[in-house]
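Per TrEMBL, domain 'K+ potassium transporter integral membrane' is recorded for 5-490. The transmembrane segment annotation in TrEMBL covers 39-60, 130-159, 174-191, 198-220, 246-265, 317-341, 374-395, 401-422, 429-449, 455-472. What TrEMBL records for 506-691 is domain 'K+ potassium transporter C-terminal'.
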Amino acid sequence: MTLQLAFQSIGVVFGDLGTSPLYVLPSTFANGIKDNEDLLGVLSLIYYTLTFLPMIKYIVIVLRANDNGEGGTFALYSLICRYAKVGMIPNQQAEDENVSNYRLELPSSNRTKIASKIKSSLENSTFAKYMLLIATMIGTSMVIGDGVLTPCISVLSAMEGIMQATPAMTREKVVWLSILILILLFSIQRLGSDKVGYIFAPILTLWFICIGTIGVYNIIKYDPTVLKAINPLCIVSYFKRNKKHAWVSLGGIILCVTGAEAFFADIGHFSVRAIRLSTCTIVYPSIILCYSGQASYLRKHMDHGPNAFYASVPDPLYWPMFVIAVMAAIIASQALISGAFSIIQQSLAMGCFPNVKVVHTSAKVSGQVYIPEINYILMLFCIVVTFCFKTSAAIGNAYGIAVVFVMTLTSFFMVIVMLMIWKTNVLLVIGYILVFVTIELVYLSSLLFKFKDGGYLPLAFAVVLMCIMYTWNDVNRRKYYYELENKMSPEMVQDIIGSTNVCNVPGLAIFYSDLVDGIPPIFKHYIKNVHALHSVLVFVCIKSLPISKVPVEDRFLFNRIGSKELNVYRCVVRYGYTDLRSEHESFEIVLVRRLREFVADEILVSQENLQNGESDEVTRTNNVIDQAVDAGIVHFIGEREVIARKESNIRKKFLINYGYNFLVKNLRQQTSKVFDVPHQRMVKVGMIYEL
């Protein structure tokens with residue numbers, strides 16, 4: 001299974017990193033090569049950037065911080081939420097820790113003082129909680145923004161090679177051909193990562209073999225001495241000679257690690273062992289050899305810098321490599337598209353994104369998903385960016401910012417995880433900061449220099465996504481607190497059921513709400529207007545836990561409300577952020593079965609109760625449930641319209657009345673569709689929440 005996943009991962013995860021040789025040296029030497037020794041300095045920077053960031057930081061360290069096989073910004077956030085109570089919605093229950101994979105396997109260490117201090121500081125600071133959530137949203141937005149730029153620069157850089165061989169191929173024709181390829185790429189996403197991986201993996205494996213082999217050929221033929229770039233003193237000499245220009249060139253060099261974040265974001269599609277195996281055996285060696293071969297060629301052909309990749313390909317292999325490069329560029333886009341799907345699914349489950357449709361494309365691997373709406377939005381933005389920027393060099397100015405920004409945020413979360421959860425030695429954490437954070441901040445400073453030349457694009461895209469995520473999360477949090485403040489007590493329910501003004505009808509009624517405790521205000525609103533109650537009531541709360549998966553046996557948590565005679569139950573249905581919400585069985589069938597099991601389990605609570613005749617009562621209750629199911633099940637779903645209070649400020653009114661309501665009308669998928677509620681047995685209860 002690991003070998004199979006490792007092979008598939010080559011076709012999905014490593015395309016972006018693998019095709020970076022198409023544009024790294026051309027972007028770095030866009031204005032030509034001034035000194036032959038500069039090639040050694042740039043190659044040395046590429047060696048150590050590839051080694052320190054993708055290999056050591058991600059493959060060795062960051063992949064260890066996966067959340068039960070899931071990666072990405074939200075996976076790190078969920079780890080922190082499970083260890084410290086930093087979630088913004090107070091729906092934690094003591095029973096959550098009984099879920100088999102909820103508890104973290106913490107290392108035994110005597111370094112608990114710092115960990116406890118950080119945990120206490122985070123739990124007692126509202127500002128810190130907000131900052132963690134906002135940082136998570138920023139990271140998510142940047143990865144999705146990266147998913148727009150990656151297809152554009154990968155496909156354009158590959159297609160530009162044809163302009164060198166065929167003068168009749170104009171810039172406009174290259175742009176339109178690139179747009180056509182992008183449309184085809186997004187059209188096959190519905191097949192899923194499983195099938196896409198099998199389609200793409202052989203092609204990208206061939207790509208890595210070819211670039212590695214050509215790299216060895218160029219090293220031997222042109223200048224084997226380029227291998228002395230392994231000496232870091234070459235970097236020092238490069239900066240001494242070029243000063244500010246060397247710093248500016250970092251914006252092109254950092255493109256060699258584009259796609260490194262996909263290592264972490266795409267773990268859910270594959271596995272940690274699979275990604276480590278394919279990286280160390282195929283990906284890293286091939287890329288290092290490819291860059292070395294290009295540098296060796298350019299040492300003898302300094303005027304070919306702006307077209308370094310295609311110029312360094314031997315003439316007999318030009319057209320075969322062009323075809324493979326175009327296919328590899330198409331595949332490169334897959335890494336960030338798959339990562340975008342995964343990370344949106346996670347943010348959706350954590351209440352930070354509208355309820356768009358999530359399609360699980362593999363029965364074997366739950367993390368493989370496809371989101372139709374996001375797929376079409378990404379495709380539209382890719383077409384617009386390709387048409388407007390027209391060249392890979394122009395897109396390159398915008399590309400690196402999103403990459404390095406996400407890497408820096410990952411380092412921020414990793415410092416918290418290492419100190420608070422792993423209880424790593426402080427000196428090692430300081431070493432991590434001095435090495436990796438320093439490298440990332442230096443590169444980020446160079447990229448911001450290109451802000452006006454296109455660097456604004458990923459930031460603008462991230463701001464739009466941030467607004468959507470913040471609006472959705474903020475208003476849903478306000479809704480939860482509104483329900484919390486207006487909930488009914490079990491005593492009030494008992495009084496209502498016993499009231500002569502309310503008539504009883506046979507059947508089972510299921511009321512949906514976000515509350516894990518108390519009776520939602522929608523029930524009070526319903527009784528006030530209808531004056532009828534079913535013989536069995538179940539209040540269902542759909543709740544996301546900060547873990548990737550909740551075992552099926554731990555998913556339903558039942559308890560009684562009031563005395564046994566009332567036949568009123570609460571059910572908290574718990575999902576992880578990668579769990580499939582629409583089960584193979586109907587949701588109501590599973591719910592009723594679990595309800596019967598809960599009542600039956602009460603028989604086994606104590607032998608003393610059995611002797612006192614409690615079993616007869618439980619049996620009667622089960623019969624009541626069966627009769628209620630036979631009479632009919634009705635689903636009551638709240639159609640909650642939210643408006644801002646009249647005394648609210650302008651910002652709050654705009655956020656709720658316009659921003660949130662626009663998202664609800666245009667993006668939200670209804671609960672009835674998520675859980676396949678039969679329309680003929682669904683009742684929507686309208687209610688206005690003034691927030």
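Keep in mind that glycine also has a Cβ here, set from the backbone N, Cα and C atoms.
Caution: TrEMBL annotation is automatic and unverified by curators.
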Contact yes or no, the transmembrane segment (374-395) and the transmembrane segment (39-60), 3+ Cβ pairs under 8 Å, gap 6+: no
Ranked by Cβ pairs within a distance under 8 Å of the transmembrane segment (455-472), the first of 39-60, 130-159, 198-220, 317-341, 401-422 is 130-159
Could you tell me the mean pLDDT the prediction assigns to the domain 'K+ potassium transporter C-terminal' (506-691)? 80
If you count Cβ pairs under 8 Å, which stretch among 39-60, 130-159, 174-191, 198-220, 401-422 touches the transmembrane segment (246-265) the most? 39-60
Surrounding residues of the transmembrane segment (130-159) on its own chain - C-beta under 8 Å, 6+ positions past either end: 15-16, 19, 22-23, 26, 72-74, 76-77, 80, 86, 88, 122, 174-175, 177-178, 181-182, 185, 258-259, 261, 265, 322, 325-326, 328-330, 332-333, 335-337, 339-340, 343-344, 346-347, 352, 374, 378, 381-382, 385-386, 389-392, 395-396, 398-399, 402-403, 405-406, 409-410, 412-413, 457-458, 461-463, 465-466, 469-470, 473
Stretch with greatest number of CB pairs under 8 Å, the transmembrane segment (198-220) reference, 39-60, 174-191, 317-341, 401-422 candidates: 317-341
Residue list, the transmembrane segment (317-341) vs rest of chain: Cβ under 8 Å, 6 or more residues beyond ends. 11-19, 22, 72, 143-144, 146-147, 150-151, 154-155, 157-159, 161-162, 165, 181-182, 184-186, 189, 193, 196, 200, 203-204, 206-207, 210, 214, 259, 261-262, 265-266, 269, 309-310, 369-371, 374-375, 378
